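Novice: Pulled these from TrEMBL:
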type	residues	note
COMPBIAS	B:87-107	compositional bias 'Pro residues'
COMPBIAS	B:126-150	compositional bias 'Basic and acidic residues'
COMPBIAS	B:183-202	compositional bias 'Polar residues'
COMPBIAS	B:204-218	compositional bias 'Basic and acidic residues'
COMPBIAS	B:229-258	compositional bias 'Basic and acidic residues'
COMPBIAS	B:271-281	compositional bias 'Basic and acidic residues'
COMPBIAS	B:306-316	compositional bias 'Basic and acidic residues'
REGION	B:1-21	region 'Disordered'
REGION	B:79-259	region 'Disordered'
REGION	B:271-322	region 'Disordered'
Amino acid sequence: MRPLTEEETKAVFSKLANYVGKNLVHLIDRADAPHCFRLHRDRVFYVSESLMRLAVSVARPNLVSLGTCLGKFSKTGKFRLHITALDVLGQYAKHKVWIKPNGEMPFLYGNHVAKAHLGRITEDTPEHQGVVVYSMNDTALGFGVTARSTLDTRKLDPMAIVVFHQADVGEYLRDEDTLF
Amino acid sequence: MRPTMDVSELLQAGASKQKSIQVEKEIPLDIDIGYLAATDPNPIDEEEYKNNREEYLQSVARDNAQLLINHLFSLPIESSQDGPLAKLPPPTTTLPRAKPLPKPKPPTKWEKFAAAKGIQKKRTEKKIWDEEKQEFRDRWGRGGKNKELEEQWLVEVPANAPADFDPVKEARDAKKKRVAKNAAQQTKNIQRAERSNASASLPQEREKRKTELERDLAQTRISTASMGKFDKKFQGEPKLRGVKRKFDPNEKSADSEKASALAILSKLDTSRPSKRARAEGGDDVLNVRKAIRHESRTGGLSGERTGGRPGKDGKGRGGKRK
């Protein structure tokens, strides 16, 4: 476990900023308890400082996880968000997409969101914007990237992809072995 | 009815197994409770030590630890969430300093001269008495006495002065010259000190040259097309070692970590949306597209549109109109 270097911090922040935008400041500068970002076995954890100090005393091979896992660095140094980051993203997301009940299962199986399944979308969402996907009863299901801006989606045919799938809560089952 | 059990024997047996918390020592221990340290000045019982070393040492250690803990319990005790806490007094043992004493600085040219002539260092007071104003004034600095000539409203001009003689400029130039001379002397002193250092440590120079050579050699070894992989190796050639990565300490203070994270965030400038979003007018302060739509719904532009719903390509046209 170690703090992130500057490049790593940049990679993590720019990825997070895709979804939460300016709200990223609230992640860093928290009112309740100070939180920090820590790297352990290529995974980035968002963890409260007190917990981090406790985890220091756990030997590296024995430490499985701490705090919230945001994602991992690939071998080429790119940062990938994991579904475990959904709690953090969902709390501060700027742009959101709600999908109809009949579209939930296809999304949870890892498919993109088609226009026919789109229930609601935040107004003025630009193209290629990170969005958090919710079901109609406001349960966060995952996140993705918009294929078209809000206005352009109106012209699309029902089967066209609106949101590219990135992660969904179904991964807790599908990628159980590799996720943690 | 069952016979009553006599537990007093059992209790006694248990008590004899446990050692007393009262420990007698011929010479009392030196206890520095601030460091939780105890020193036993009592001589070792040689016979027992030879016969049964481990047991003897353990018993001595146990007795001493017991004394230390007894001492600990005699301290004022506060209760806290984690249980009672004894308040430790400040330690009395003085520990030696961790770092070596600083080396004396090499003397300046003036210090050498003063030492040779036996000139004592005199302390100059910062304040100086001003006869005219009848008060103490700073020798230098703001409103200092050394700027007196520059600040006079009237100055006597020498008889042989040229026509464009400026007494204020003259005085200021003279002062600046003195300052510059002092700075030059300072740099010369530093240079002299460095030179004397270098002469004292010639081996260091040699060492420096050696590391430079090694670095050059290492550079040439990896400067082939295969980065030195298929080159002939000499016997006993040392393996090339790169620079070790270095990370920040894990347990930094939360504030400093937060500050550095915020600094990186401000460098990233996430507050600015993507290029495309900017081109479309998606600014955080004023969403132009939204404003136009709102305006066209409610304002004068609504006359063109009969329906309440804005047109499909309202954005494009709205933008042009703006």
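Cβ coordinates are placed from backbone N, Cα and C, and glycine is handled just like the others.
So that I understand the layout, could you describe where these features sit and how close they are to other parts?
Specialist: Note on the compositional bias 'Basic and acidic residues' (B:126-150): DSSP counts are 5 helix, 8 strand, 12 coil.
Sequence-distant contacts of the compositional bias 'Polar residues' (B:183-202) (same chain, six or more residues past either end, CB-CB distance under 8 Å): 105-106, 108-109.
Residues in the compositional bias 'Basic and acidic residues' (B:204-218) partition by DSSP class (helix H, G, I; strand E, B; coil) as 15 helix, 0 strand, 0 coil.
In terms of DSSP secondary structure, the compositional bias 'Basic and acidic residues' (B:229-258) contains 5 helix, 0 strand, 25 coil.
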